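Novice: Just lifted these from TrEMBL, have a look:
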type: BINDING; residues: Arg58, Asp115, Asp116, Ser117, Lys157, Gly174, Asp175, His252, Ser253; note: substrate binding site
type: BINDING; residues: His128, His153, Asp154, His226, His252, Asp285; note: Fe cation binding site
Amino acid sequence: MTILIEQPEFGSQVEEKKVSFNANELILDGGFMVPKTLSSQDEIFEVPDINAFGQSFRDYNAESERQKLVEEFYRVQHINQTYDYVKKMREEYGKLNKIEMSIWDCCELLNDVVDDSDPDLDEPQIEHLLQTAEAIRKDYPNEDWLHLTALIHDLGKVLLHPSFGGLPQWAVVGDTFPLGCAFDESIVHHKYFKGNPDINNNIYNTKNGVYEEGCGLDKVVMSWGHDDYMYLVSKENETTLPSAALFVIRYHSFYALHRSGAYTHLMNEEDKENMKWLNIFNKYDLYSKSKVRIDVEKVKPYYMSLIEKYFPTKLRW
């Protein structure tokens, strides 16, 4: 199978780029469905057994002070993330009128950010971005768009910064989920949705809610946060990254979908194709969280070249 992705000069007219695989080319790899040609048979990256705290990854029941903080985060998030709230936030932040800066400047701005929803990590976010990107780069050296996607996938967390309004953690980080339809029981700490006003809306409480089966995830209103914001920033600044990259950025925290198989009835065929790349990416996003330090100055020139290739010098945020 040959994969061909042509990347035109920024600003030229482009067609949406896709990467396709046949269903019989997929295998189960580390709990994720991935293409045979992109499996981990020759990968360097090894999935660790424990996170930086010495516990299992995404274990939301482990007894620790960190876990208490994480559970309280999800209690507040599940109560406040409503259909109307997300509509309002997308309209406000979709204007991209907060600031103009480069991708790398945004990476450095994340030095002061720690994600309270993450049970596996308490390091500054730029450490995680580079850990993920470098792990993917070692195993998939020819997919430079995926390296850059890994670097920028969490940049939307700048919403926590005072320059962007200093939004509360529950409005920026954590697992994402659809609004306007029933909350699937696979969503972490599902019990706290009982305090969400949308639970009393009869239309929102059905399987499809306000959507149609197979409508496509781009038609679905997701809980507001860094995922959707970075998707908007990338799209509106006319990145030349392929559609799979934008899908990864937008849905990498949608664990109810890519770990539990919930909400697949809302996906269209393009979603299903892009899902294969998201499953590849998420193994690195989740399991590369460690105490291994990255030499930022050593790898910076490489990522600067990718930023120049796929983005304008300055972006509207």
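Going from the start of the chain as shown, residues are counted 1 onward.
The backbone N, Cα and C atoms fix where each Cβ goes, glycine too.
Could you place the listed features in the three-dimensional structure?
Specialist: Non-local neighbourhood of Asp154 (Fe cation binding site): Leu110, Gln125, His128, Leu129, His226, Met230, each in the same chain, at least six residues away, with C-beta under 8 Å from its C-beta.
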Novice: For His128 (Fe cation binding site), list the number of other Cβ atoms lying within 10 Å of its Cβ atom.
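Specialist: The Cβ of His128 (Fe cation binding site) has 23 Cβ neighbours within 10 Å.
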Novice: Once the chains shown are all counted, how many other Cβ atoms turn up within 10 Å of the Cβ of Ser253 (substrate binding site)?
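Specialist: Step by step: centre on the Cβ of Ser253 (substrate binding site), count other Cβ atoms within 10 Å, giving 24.
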Novice: Between Asp285 (Fe cation binding site) and Ser253 (substrate binding site), find the distance joining the two CA atoms and give it rounded to the nearest Å.
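Specialist: Checking the Cα atoms of Asp285 (Fe cation binding site) and Ser253 (substrate binding site) gives a distance of 10 Å.
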Novice: C-alpha of Asp175 (substrate binding site) to C-alpha of His252 (Fe cation binding site): distance in Å?
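Specialist: Cα to Cα, Asp175 (substrate binding site) and His252 (Fe cation binding site) are separated by 9 Å.
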Novice: In whole Å, how far is His153 (Fe cation binding site) from Ser253 (substrate binding site) when you measure between their Cα atoms?
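Specialist: Each residue's Cα considered, Ser253 (substrate binding site) and His153 (Fe cation binding site) end up 10 Å apart.
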